Structure formats: C-alpha cells, structure tokens
C-alpha cells in the first residue's frame, strides 16, 4: 500500500466566520423571501410559546388562585429583571469567556434539550416520525431542488413539512383515529384538543397590569432570580451559536452584555404585561438559521412583527397554535443538534492534542449532562429537589442552577480552565485568536456586524 503524502491529507484551517451561507447577518434576501422566512420563524417559535403556558396554567388553579399566582409571578419577574439589566449594562457579563470555556456551554444549549426531542416524538409516533423523516429528507437530501433559481426546499422545508403533517394530523383527528385512545395520546396527537380556536377572542390587545397589581415576595423573587441567572448563561451560549450561524464573527463581551441587558428589559415588560414567563433565546430558531443558510437580521425582525400581529388577532394565533407539539419535537431533533454542533466547532480554535483540553472538554460536557439528570430524577421521585432545607430561597437557587446543563457546564469549564495548568497555555486554550473579539474595536468586522441601528450606539457606547 502506497504511503500517503502529507500534502495529500486534507487540511481545514480554522475560520472566524462560518462559510457557505447565502445571506449573512447584514445581507438581506428579497422582501418576498424575507417575509416568508420570517413567517417560518414565527411558526417555529410557537412550539415553546404554547407548550409552556399549556403546562403552567392548569397548575395555577381556578380564577381566584390563578390571579393570585399570576400577580406573584409578575412581581418576581419585575424584581429579577434587575439582575440582567445590571449585569448587562454594567458590562460585567461575558468577560470570563474563552473558546475552551464556551464549547460545553454552546454545545449543551443544544444537547441539554434532548428530552424535548425524540422522547416527545415517541408520544405520537404516527405524527412525529413522519415529520422527522420528511424534514430531514426535504431540507438535506432534496435541498438542491430549485424553483426559479430559489432552493425552495432548503429555504422553506420546515414550513412545507409542518403544513403537510399538520393536515395529516387533522385528518386523523376528524377521522376518529384518537376517539378511544388514552388521554396522553389525545393530548399529543389531536389538533383540536385544547379548544384553542373556539375559546380565543378575535382581537385582544394586551396591556400592562391586566391581571391586577403585582405582589412582591422575597422568596418568590429569589427563586426567579436563579431562573434569570440560568437564562442569562443559556442565552449567552445561544448568542454565540446565533452569531456563527449568521456567518458573523464571535460577539464581543460588550455585545453579549448588551444582549443580556436588553433581555432584562424584556423580562421587566413580561412582568408588567403578565406573560407568566420571562424572555429568553429561542434555541430552535437559532438552529433554523443553519438549516436554511439564511442568517439575515431582517428575517428575524419580520418574524418579531408576525409575533406581535398574531398575538393581537387571537383567532389566527390560536389556529397556528393548534399544531401538535409532537410536530415541533420532531423538528427539534434536527435544530437542537445543529446548535450543539456549532458549540463543538469552536474546538477548531483550541489544541485538541492537549490532554488538558481533552480533560476539560470531556468532564465539563459529561457533568453538564449528568448532574442535571440527577436533579431531575431526584425531584421526580421525591417531589422536591436535592436541596431541601428550611430556607426555600436557597433551595430554589441550588435546584434551579444545577438543573441547567449549560450552567453546570459553564461552572465546571470556567473553573477547570482557569485553575488547571493555566500558565503558558494561552495558545492551547485559543486565547490569541479569541483576543481580537474580546473588545468591540478589536476587529474591524465587529462594527459592521454589531453596531446598533438608528445611531443608538451613542446611548450605549462600545468599550
């Protein structure tokens, strides 16, 4: 057998920006294509937007108890939003990151959501499995099919396949396929189970304090602060993934902090309007950037417009919200995987022939998955978390923080990366490459990608 010459071995040099995208963060498709892509992002965001209230509202009881609980949540959200606002606009967030430290965080933003993937698909396999197969086939194997020079299936495979499987699920529903099936099967398969359309108003304009004046409780606020801290860490990983999947450079610490600050303002508005949940990054929409190869900021802005529009027109929003969550779970199997792979791709900037780096990466990812799994199983069997003291606020903090895979991974990775043989290992950790993107003016592309519109940078000057 002939010996392989070194020059014949393929090499793949590290790249600051992910290549192969049709539209990056600051380039835009035509208005028609952008509107269609924005609507697709809106449909995808409905999965979590509908699932969370569907789970929470029944637990909040009848009308009187519901109002009391909602007002308590509003107060906790308003208080806890201060954490993100202070951390964000004080520029204290994002200063600790390194390529090696961010790998497990970004990866577990995707991998850590594995329980929302095939375990949910399995609750209604006759809908979930066809959706998974159709989405992979159309978005990957048939992506080169063009209509008028537009890769129609690569761009809009999610919208097309959701429509097909949604209609199929509705035919099964009206045909009586689930008439005598168990309650759990009906919840996960039927398109009319929640009576969303009939109970939704035609027009409803939300307004601040619609549930009454918020109530404030120290215990509730401390618990929500832990959730906000976890959300900030998970969002930081998602920000890095979104930047890479938009073919942009890594966001500087200033931009990460600014994003967390704006997210805090979003949580404050959530508390005022009584949304029952806070604001955080939609990981599935980050993955969709990679699936469509369109990272345009304009598309996401249009998607936000659809969210506002259909939230006011209740009947139309409820129609789209009747899509069974199993359909979204099938899509999550692909999109969460893409986000996780983006995290692993950051390893290209580190020395993975270093045993130190292998140890830090492996241990942080493993513990990031294993410790939260322990907390989940313990809570399911004992009906309370492993932290179970008389101090409820302490219990909430510990149980919330250690139930988040990205948060656990960050704690482990940052500790090991900054204490284990850290001297003279800057090159192995990827710091020479990372240094250019630590500051806003460290790389000329930062200003192109991350300058705020309408000259808003004069209010939030870069550092």
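A Cβ is built for glycine as well, from the same backbone N, Cα and C atoms used for every other residue.
Note: TrEMBL annotation is automatic and uncurated.
What TrEMBL says about this one:
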type	residues	note
TRANSMEM	39-60	transmembrane segment
TRANSMEM	72-89	transmembrane segment
TRANSMEM	95-113	transmembrane segment
TRANSMEM	120-138	transmembrane segment
TRANSMEM	158-178	transmembrane segment
TRANSMEM	299-321	transmembrane segment
TRANSMEM	327-346	transmembrane segment
TRANSMEM	358-377	transmembrane segment
TRANSMEM	397-416	transmembrane segment
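Residues 36, 39-40, 43-44, 126-127, 130-131, 134-135, 138-139, 185-186, 189-192, 288, 291-292, 323-324, 327, 331 of the same chain, all 6+ positions outside the transmembrane segment (158-178), place their C-beta atoms under 8 angstroms from a C-beta of that stretch.
Here the transmembrane segment (120-138) does not lie next to the transmembrane segment (397-416) in space: the count of CB pairs under 8 Å, restricted to residues six or more apart, is fewer than 3. In this chain, the transmembrane segment (39-60) touches the transmembrane segment (299-321); three or more CB pairs sit within less than 8 A of each other, excluding pairs fewer than 6 residues apart. Touching of the transmembrane segment (397-416) and the transmembrane segment (95-113) is concluded from the presence of at least three CB pairs under 8 A, sequence neighbours closer than 6 excluded. Within its own chain, the transmembrane segment (39-60) is flanked in space by residues 66, 69-70, 156, 158-159, 162, 194, 276-277, 282, 284-285, 288, 292, 299-300, 302-303, 306-307, 310, 320-321, 323, 325, 328-329, 331-332, 335, which lie at least six positions past its ends and keep a Cβ under 8 Å from the stretch.
If one looks beyond the transmembrane segment (358-377) by at least 6 residues along the same chain, the residues whose Cβ comes under 8 Å of a Cβ in the stretch are 100, 103-104, 107-108, 111-112, 347, 352, 385-386, 399, 402-406, 408-409, 412-413, 416-417, 420.
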